[in-house]
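Engineer: Relevant sequence annotations retrieved from Swiss-Prot are reproduced here:
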REGION    101-187  region 'Zinc finger 1'
BINDING   Cys101, Cys104, His181, Cys187  Zn(2+) 1 binding site
REGION    467-547  region 'Zinc finger 2'
BINDING   Cys467, Cys470, His540, Cys547  Zn(2+) 2 binding site
Amino acid sequence: MANRPTELAAFIRSSGEADGWIEESFKEPYVAFNPDVLMYNDTLFNELLLSAHALKINSIQDVQSDDTVEDAGDIGNEVIHSELVTFIETAADVYALDRQCLVCRVLDMYRRNFGLSALWMADYAFLCSKCLGSPPCATATFIAAFEFVYIMDKHFLSDHGCTLVRSFGKKLLTLEDIQRHFFLHGCFRTDGGVPGRRHDEVITSRSKQGRLVGRRGKFSTAGDAKVLYSNYSYLAQSATRALLMTLSDLGSAPLEVIEGRQKSISGDVRNELRDGIESRKRVAHVIHSVGPVHSCPTTLSVALAGWKDCAKNVECNFFQLESCTLRASSEDNDYEHEWELRASEEKLNVVENVQDMQQIDASQCEHHEHARNEDCTMGYGNLVLLLLAGTGSAPEAASELAFMAAKVRRETVDIFWKNHRREFANDVTAAYSACYGEDSEPDLELGPLMITQLKHAITKGGTSAECLLCNLLLIRTYWLAMRKFKRDIITYSANNIGLFHSIEPVLDAWRSQGHRTDLGDEGCFVTLMKSAGTEAIYKHLFCDPMCAARIAQTNPRSLFDHPDATNHDELALYKARLASQNHFEGRVCAGLWALAYTFKTYQVFPPRPTALSAFVKDAGALLQRHSISLISLEHTLGVYV
């Protein structure tokens, strides 16, 4: 330990420095996507919560005229100006195709200096498997980031004195790196973007598949699987980068006016502004609602124009008889049926084990049933609310739960920033150094957008970029509930009542008929659905290709059906099998994801009418090949986001 290489210096725990892990954190076997793990380290939790926020740099500018700011007063007035450009441009660099993955770099550094044990490989394989079975969303990214740090510290902190705690605060790692590694590009995947495909496979050209070309009788090829997948990855990362860059426009407006004061933004003035001094006047400027029509970067425009060819090369249908989504739907139906049978059998066992049924009431019977069917993933409900409350996904005014969660998040991030900014600023990566000065602070009103999948703040038609319902898919009880909820909407009326107008009555029925008792969450599910809003529910269940892809990607067997920590031997065997097989493939082909990313990008950067018409036609054909029925793509493109 005395001769550790300098490349690991940033991760070496200083003498007397606390890493935040509670006692017994590393004693139990690791179970991926376990809510209990989040309670092992409050410091890391708050660090990731801070990292989910963009950092704005404040400055004071003189007001030159009354036209600059309404009611600004005399010439001596000053305006607090806040800019996000510095932070956003630095963060967006993660999505450059030729930029090294920092998660891979950390893994390589640890491998070269310490070696990677079989036990570590088993834990890492478990995390990768869970990420592949999860919908790419804010909650999944937060969990992956926390548990990646956990398994690295579990295996290397005690023996080698290296920790990844504080690496996000110092920007040695970012949530964008986690998203890129585990969800967007998937550096550990082995399928070349198509389930069943090998990463080193040479793909036969689709248009001439089966034909012999030339005298030598060779097949025409579309290219190597890795090359074709890299083209898709470029499209997805370029779209994400462009959507993220729209945030840089939000910091261009003045936020506060101070009459006749000559003060630095640092020090007491920030506290006075936060406390609401009487001398300030807020500028009436709305920046987070329906966004302006942004201009699409030229390189992205070219990539989007070629999305169809990109998608064809990484689409499943041309290589298999059954589409990836059709198989996923069949597997989901089987799992739901098996779970219902299992739940019925356990309920029957509860009744049979009761010696005298007359001496216990229905609530006691229900308690025994829930004890047998306890869903450990229910703990993620609070995390979903903490991350999305107060954003367009769950507005504060929608429910008291959302209001309180947003308040707690803002207070937590604000306090953590004040307590740790100086510490982080001393060792922060050079690219982010300007964002850690006295004049900088997290943008609490913008919220944790850096952890969302699409990373823009535009809201439209009662919807926003991050879908609350997609985040709830990580919870087994809610995954099952949403399937039943959708069926109830479809079967609500035998007449031709629109699906949109069936949502509110079904929500009311779920609330009044006691479905909350069946879910065992005291009505939280219905409250969250109400918070999301009718439009967001409609978009998620019936309209949005991205939501459809996330639903298909969510693998209940991978997420919920595995040994737990009480079965040590079975759990160890399960993880060892994952690591030894080295078989990590997505449930949904990259062709469908290419469509989804193009669709979401066109919602923010609308194409010309001719290009839009061609896109809707081609997108409809791809969705039909995947047996996905959605309502009016052109409507969703223009009305929702």
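Including glycine, each Cβ sits where the backbone N, Cα and C put it.
Could you tell me the structural context for the features on the list?
Structural biologist: The average pLDDT computed over the region 'Zinc finger 1' (101-187) stands at 97.
Under 8 Å, Cβ to Cβ, and six or more positions away along its own chain, Cys187 (Zn(2+) 1 binding site) finds Cys101, Val103, Cys104, His181. Cys187 (Zn(2+) 1 binding site) carries neither a helix nor a strand DSSP state and counts as coil.
Across the region 'Zinc finger 2' (467-547), DSSP classifies residues as 61 helix, 0 strand, 20 coil.
On its own chain, His540 (Zn(2+) 2 binding site) has Cys467, Leu469, Cys470, Ala532, Cys547 as residues at least 6 apart in sequence with a Cβ closer than 8 Å to its own Cβ.
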Engineer: What other residues of the same chain, not counting Cys467, Cys470, His540, Cys547, have a CB atom within 8 A of the CB centroid of the Zn(2+) 2 site?
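Structural biologist: Once Cys467, Cys470, His540, Cys547 are set aside, the remaining close residues are Pro135, Leu468, Leu469, Ala536, Lys539, Asp544, Met546, Arg550, Ile551.
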Engineer: I need the neighbours of the Zn(2+) 1 site defined by Cys101, Cys104, His181, Cys187. Which other residues of that chain put their C-beta within 8 angstroms of the C-beta centroid, in sequence order?
Structural biologist: Leu102, Val103, Arg105, Leu107, Asp177, Arg180, His185, Phe188
Engineer: Drop a 10 Å sphere on every Cβ of the binding-site residues Cys104, Cys470, Cys547 and tell me which sphere holds the fewest other Cβ atoms.
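Structural biologist: Output over binding-site residues Cys104, Cys470, Cys547: least Cβ neighbours within 10 Å is Cys104.
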Engineer: Is Cys101 (Zn(2+) 1 binding site) helix, strand or coil when read with DSSP?
Structural biologist: coil
Engineer: Which is it, of Cys101, Cys467: the one of these binding-site residues whose Cβ has the most other Cβ atoms within 10 Å?
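Structural biologist: The residue with the most neighbouring Cβ atoms within 10 Å is Cys467.
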